[in-house]
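K.L.:
Got a structure for you, written out below as structure tokens; questions coming shortly.
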Amino acid sequence: MPACRPGPLAGALLLGLLLLGLPRVPGGEVEKTGVCPQLQADLNCTQECVSDAQCADNLKCCQAGCATICHLPNEKEGSCPQVNTDFPQLGLCQDQCQVDSHCPGLLKCCYNGCGKVSCVTPIF
């Protein structure tokens with residue numbers, strides 16, 4: 001008995017069914033890491049980008065009022081913990097960062113108890 005072989009039409013149909021079952025990402029783009037900072041409203045309402053993929057390097061497509069612009073993410077998710085001023089902070093009292101992107105991993109650049117900023121674990 002001859003073996004049953006699917007024809008080219010059956011192969012194309014199978015491929016189409018497989019592709020229909022895959023989850024779709026809008027525009028096929030992946031969101032870049034980081035979080036957009038709060039930006040001043042752009043009065044021109046310029047639409048520089050629609051997604052992160054349209055921005056160079058590690059810039060993100062961020063909302064600025066009615067505009068969207070490519071901007072360097074400098075804020076990470078979470079919020080800074082409240083500083084307890086009742087107790088003096090031990091350790092070096094100097095600035096360790098200026099923006100979140102200066103801190104490794106998930107750490108955020110936040111004010112510490114001695115009036116400077118350092119990389120700390122955020123609150124989620």
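Cβ atoms here come from the backbone N, Cα and C positions, even for glycine.
These came from Swiss-Prot, pasted as-is:
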DISULFID  C36-C62  disulfide bond
DISULFID  C45-C66  disulfide bond
DISULFID  C49-C61  disulfide bond
DISULFID  C55-C70  disulfide bond
DISULFID  C80-C110  disulfide bond
DISULFID  C93-C114  disulfide bond
DISULFID  C97-C109  disulfide bond
DISULFID  C103-C119  disulfide bond
DOMAIN    29-73  domain 'WAP 1'
DOMAIN    74-123  domain 'WAP 2'
CARBOHYD  N44  N-linked glycosylation site
SIGNAL    1-27  signal peptide
K.L.:
Note down the number of other Cβ atoms within 10 Å of the Cβ of C66 (disulfide bond), including every protein chain shown.
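P.N.:
12, counting other Cβ atoms within 10 Å of C66 (disulfide bond).
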K.L.:
Relative to the Cα of C49 (disulfide bond), which of the disulfide-bonded residues C36, C62, C70 have a Cα no more than 10 Å away?
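P.N.:
Within 10 Å of C49 (disulfide bond): C62, C70.
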K.L.:
Name the residue among the disulfide-bonded residues C62, C114 whose Cβ has the smallest number of other Cβ atoms within 10 Å.
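P.N.:
Fewest other Cβ atoms within 10 Å, among the disulfide-bonded residues C62, C114, is found for C114.
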K.L.:
Restricting to the same chain and to residues at least six past its boundaries, which positions have a Cβ under 8 Å from a Cβ of the domain 'WAP 1' (29-73)?
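P.N.:
Those are 100-101, in sequence order.
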K.L.:
Could you measure between C97 (disulfide bond) and C103 (disulfide bond) for me? Cα positions, answer in whole angstrom.
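P.N.:
Each residue's Cα considered, C97 (disulfide bond) and C103 (disulfide bond) end up 7 Å apart.
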K.L.:
With DSSP helix as H/G/I and strand as E/B, how many residues of the domain 'WAP 2' (74-123) fall in helix, strand and coil?
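P.N.:
Helix, strand and coil residues of the domain 'WAP 2' (74-123) number 3 helix, 11 strand, 36 coil.
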K.L.:
Of C45, C97, the disulfide-bonded residues given in the record, which has the fewest other CB atoms within 10 A of its CB?
P.N.:
C45
K.L.:
DSSP three-state call for N44 (N-linked glycosylation site): helix, strand or coil?
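P.N.:
Going by the DSSP assignment, N44 (N-linked glycosylation site) belongs to neither helix nor strand, so it counts as coil.
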K.L.:
Tell me, how many other CB atoms lie within 10 A of the CB of C110 (disulfide bond), whichever protein chain they belong to?
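P.N.:
Result for C110 (disulfide bond): 21 neighbouring Cβ atoms inside 10 Å.
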K.L.:
Is C55 (disulfide bond) helix, strand or coil when read with DSSP?
P.N.:
coil
K.L.:
How many whole Å apart are the CA atoms of C119 (disulfide bond) and C45 (disulfide bond)?
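P.N.:
Approximately 35 Å lies between the Cα of C119 (disulfide bond) and that of C45 (disulfide bond).
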K.L.:
Over the domain 'WAP 2' (74-123), work out the mean pLDDT and round it to an integer.
P.N.:
83
